[in-house]
Amino acid sequence: MGPAGSLWHHIPSDSEETGEDEDASPSAEPETTLDACSQWRNNVGFWLLGLCNNFAYVVMLSAAHDILSHQKVPAGNGTEPTPPSVPANASRYDCNAISTGAVLLADILPTLLIKFSAPFCIHLLPYGLRVIICVITAWGSFLVVAFSTCTVQSLAGVVLASISSGLGEITFLALTSFFDSAVVSAWSSGTGGAGLLGALSYLGLTEAGLSPQHTLLLMTIVPVIMQASYSFVLAPPPGAPRCGWGNRPQKSRRSPSSTQQPLLENKATLQNKTQSPQLSLQEKGQVVKGLLKYLIPLAVVYFAEYFINQGLFELLYFHTAPFTHAQQYRWYQMLYQAGVFVSRSSASCIRIRHIWLLAVLQCLNMVFLSVAVSKMFLPSIYIVFALVLYEGLLGGAGYVNTFHCISEKSKPEHREFAMGVACIADTLGISLSGAVAIPIHNHFCRLP
């Protein structure tokens, strides 16, 4: 996407990588096909990057109930019943004054802005600088929320987590275009792991007696792991941006020969991932148009699931359950993320190419739980636990299968741009769900 002279995006031809003569192209194969150790490092590296990139985002959503309760629960660390947030708390739903959808919007709108603009201008920044920005903003988000003295300050910290997650996702998904396609599964599994480990760690540490503040301070180690994974774990193939500041390798400037062209088109090698010439706006528009059959269903999947998460979770309150309201919310988040992790890690076993089917099933789930909130007919919280786990399975499957389809179907010269722009879909769906969740929350909380 960027000009050939940019700091991070010069893509050497095959002859530049090997420095060999045209008739020596068969011997270039060992240099363009990574050994098992390097492939293992890349899979581990992208798994860790996915984990660290989404960790702060997930923790902020898991802590949403505490953030809106201003985190001032030192006696029971959020494990004891909290005072009513609504005057006289006449509502049957034991509502916070502000919907957790507000936290979702703070956690997603900056991401949406980044994802809409980044595919067209992010090539101006080298990969290494982008990663450093992600690390600093993620680290800052934990500190700001941990030491906040008001809800507005807490939401500012959530915004920092959103910037880190949004920039990181579009950066690392674009970076996968230079590596073997297996790293897409590793990245997706890592993001699912972030959901499970983030929600589970927040739940476990607060249940163990730590305050939300101390829990968040412990999590400041995660951005450091992100930087280490990018700088020391990844083993970039020839032609990929270098780790660190992305300076291009110094190679000769010879054009690829005709005998090397079949190698460039061979999906068994990585060369097809390093052919990313500058695309015109018209070409980018055509790429986006071709992606709509994947992006629209993915946006619907994420709209439905995050409407459930931030619009209905807080309202699915069981007074007779052996958990406080805050505990119930955290358990919902943890089980949802467990489902996401399992399905995002299943791409090597199960492939789903009809993303629209997942969208339909998720919408049915949303409608059922909306009716359950309205009529309050579910007899046990454990039924909701099962439905929330199922919701996470659908959402994770939608994510990983969408990006696999895009990676496989995109032309080599379009793949980096396509992978970057495709992540707009889930963010758009999440943003719309947050906007809808707030008035729905307010409607139910006004009911006696």
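Heads up, residue numbers simply count up from 1 along the chain you see.
Cβ atoms here come from the backbone N, Cα and C positions, even for glycine.
Please treat TrEMBL annotations as automatic predictions, because they have not gone through curation.
For 14-24, the entry in TrEMBL reads compositional bias 'Acidic residues'. Look at TrEMBL and you will find 1-33, 243-262 tagged as region 'Disordered'. Residues or ranges marked as transmembrane segment by TrEMBL: 127-148, 155-179, 185-204, 216-235, 291-308, 355-374, 380-405, 417-440.
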Item checked: the transmembrane segment (380-405) in contact with the transmembrane segment (291-308), cutoff 8 A, at least 3 CB pairs, sep 6+ -> yes
Item checked: Contact set, same chain, for the transmembrane segment (185-204): CB under 8 Å, 6 or more residues outside the stretch -> 42-59, 62-63, 172-173, 176, 215, 219, 330-331, 333-334, 336-338, 340-345, 347-348, 392, 396, 399-400, 403-404
Item checked: Folded-back contacts onto the transmembrane segment (417-440), same chain, C-beta under 8 angstroms, at least six residues removed -> 1, 99-102, 104-105, 108-109, 111-112, 115-116, 118-119, 122, 166, 169-170, 173-174, 176-177, 276, 279, 284, 287-288, 291, 294-296, 298-307, 310-311, 399, 402-403, 406-407, 410
